[in-house]
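S.K.: Structure incoming, see below.
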Amino acid sequence: MSIFLLKRLLTLVATLIGASIVVFAVLEVLPGDAAQMLMGPDAEPEAVTAMAQQLGLDQPALTRYWQWIAGLLHGDMGESYVYGSPVTELVWERLAVTVPLAIMAMCITAVLAIAAGVFAAANHKRWGDVGLMGLAQIGIAIPNFWFAILLILLFSVKLQWFSAGGFPGWSEEAGGGFWPALQALLLPAIALAVVQAAILARITRSAVLEVLREDFVRTARAKGLSRGAALWRHVLRNAMIPVVTVMGLQFANLLAGTIVVENVFYLPGLGRLIFQSISNRDVIVVRNCVLLLAAMVVVVNFVVDVLYAAIDPRIKAGDI
Amino acid sequence: MSRQTDTRASVPNYPTRAFTRAQPQGFGRRALQHRSFVLGALLTTLLIAAALLSFAWTPGSAYEVDMDAALQASSSRHWLGTDAFGRDIASQILVGARASIAVGLIAVGIGLTLGVVLGLVAAARRGWVEEIIMRLADFTFAFPALLSAIMLTAVFGAGMINAIIAIGIFNIPTFARITRASANAIWARDYVLAARACGKSRSAITLQHVLPNIAAVLVVQATIQFALAILAEAALSYLGLGTQPPQPSWGRMLSEAQTLMFQAPLLAVWPGLAIALSVLGLNLLGDGLRDLLDPRLTRER
């Protein structure tokens, strides 16, 4: 187990280092000088050079890469060109939107998918199963941002239950509060969750069907357990391993999805920050945020791997 | 009538029925009986037909700005109405199919070509070559594809070509993985061993035995990746990083429609429907092909 952990941990670190190099290198070729961008197109060349010097852009790439990594290790992400404030602060502010959004979406996904998947499997080849799986097939085909727009059309334009976008903030002094903030995140979370839930429901259904065929389920039924009890007590638990694995993989899609969905709802989250910073040529913000997202994906997958190695002793280091 | 049934009943083991059932059915007949394949093929044909039709004929103009005709409801002249610039929506949907197909075809082409080559090499060489290729493939999974596509289109400029390349790059590891996994299974077969014993080279075996045997898996995966490419193009165009105006694209139509949701809500419905139906069609086609091309994979699920 400890060798397995060590191996996975080394891969994790190597992946993160690789990711930082790739992100840095890609952004190096970003056209449009950040200094020129800040000073405007009419700026004097001397002023632009001075600005570049002030930003440290005149130093060789390798030096700047080291400075970035060294800063990161100290929890310092540098300063945004555009906002003029430390990137760490900006990121924390935005994470207060993106992380709750992703968690909400993941919870909705899990509840919808597991309920639908187990129900479909329990009613294998009957109407409930066929209907739900048809719905799932449609759910997979719907782009999340279109679903988001449809939700706005229905709940904001027609029924006027929710506002069409924006985020009031978590603190009551700023005019927001816990419930208003949660309400603002609900539609985006549903939009993100539906597509993922459709995929996960299919996985859950086939995992449950697989386990239902096992001998121990027959034994459980033979000793007098009802169908429902056997399903909850024996089947679900054993079917959870593939489900949890796929949920870990889906987290990456969910995070990427936040970029688009935050744009649909004008939510001030990490995804929108990345998107805006790319158009502003705010390289420092972009590279830190992209690396942060990649790190979140890698860490979540690491946790999933370790967790299910802990849950299922049959999984050994070599299998993963 | 009754006599006939009697004769049959009197010969219970007469094999006609069993015999006809055991006869191998042609691909075409099996395909026509497969519901999701038929529906998927129908929707996919519709998508391709829409794109082809748009070259020859559109009900109105997808490009011509006519402010007098702005935001009209559907009529005999404008089937699905007009947008804020008076352009015909139905025509834009037809022309928009071109962008989706172009992106899907080329992006899957890039992924398929490079991914399959890498996967085949990994399976044929094994050892450190395989290790490096597969670790690289794992590595790219750390970046959500859409995020990377946004970064790439931002760096190299927004536009359809860059969107295609960005989406294509992220198809490579998917194809490399599936190719290597399927190819490894073929390499373990006895007939490959026999071919090696006959002195055939690795590359000859790869081309003559491995590739034809994994083609079905690749075709199925290609339809799925095609659907994903359409979704990715739509998302990029929605964000303004994909297909550029005046070329109509479903994703951009949606972003334009979003600003007019209170005046013309239906504008936000049609392009999304077009995307969803195309993706649904390709996914169903993929599912159907998987069942039809590899009956061993069809299990009672």
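Using the three backbone atoms N, Cα and C, a Cβ is placed for every residue, glycine included.
Got these off TrEMBL a minute ago, pasting:
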| type | residues | note |
| --- | --- | --- |
| DOMAIN | B:97-286 | domain 'ABC transmembrane type-1' |
| TRANSMEM | B:37-57 | transmembrane segment |
| TRANSMEM | B:101-124 | transmembrane segment |
| TRANSMEM | B:145-170 | transmembrane segment |
| TRANSMEM | B:214-239 | transmembrane segment |
| TRANSMEM | B:260-285 | transmembrane segment |
S.K.: Six or more residues beyond either end and a Cβ under 8 Å away: which residues meet both conditions relative to the transmembrane segment (B:101-124)?
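M.R.: Long-range Cβ neighbours of the transmembrane segment (B:101-124): 47-48, 51, 130, 133-134, 137, 160, 163-165, 167-180, 183-184, 186-187, 202-203, 205-206, 210-211, 218, 222, 225-227, 229-230, 232-233, 242-243.
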S.K.: Are there residues at least six beyond either end of the transmembrane segment (B:37-57) with Cβ under 8 Å to its Cβ atoms? List them, or say none.
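M.R.: Residues packing against the transmembrane segment (B:37-57) from afar: 31, 91, 93-95, 97-98, 100-101, 277-278, 280-289, 291-292.
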S.K.: Using Cβ atoms and a strict cutoff of less than 8 Å, what residues sit near the transmembrane segment (B:214-239) while being 6 or more residues removed from its termini?
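M.R.: Contacts with the transmembrane segment (B:214-239): 99-100, 103-105, 107-108, 111-112, 116, 145-146, 149-150, 153, 163-164, 166-167, 171, 174-175, 178-179, 182-183, 186, 249-252, 254-255, 275, 278-279, 282-283, 285-286, 289-290, 293-294.
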S.K.: Excluding the flanking five residues on each side, which residues at least 6 beyond the ends of the transmembrane segment (B:260-285) place their CB within less than 8 Å of a CB in that stretch?
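M.R.: Distant Cβ neighbours of the transmembrane segment (B:260-285) are 36-37, 39-44, 46-47, 71, 73-74, 80-81, 83-84, 89, 92-93, 96-97, 100, 223-224, 226-227, 230-231, 234, 250-251, 253-254.
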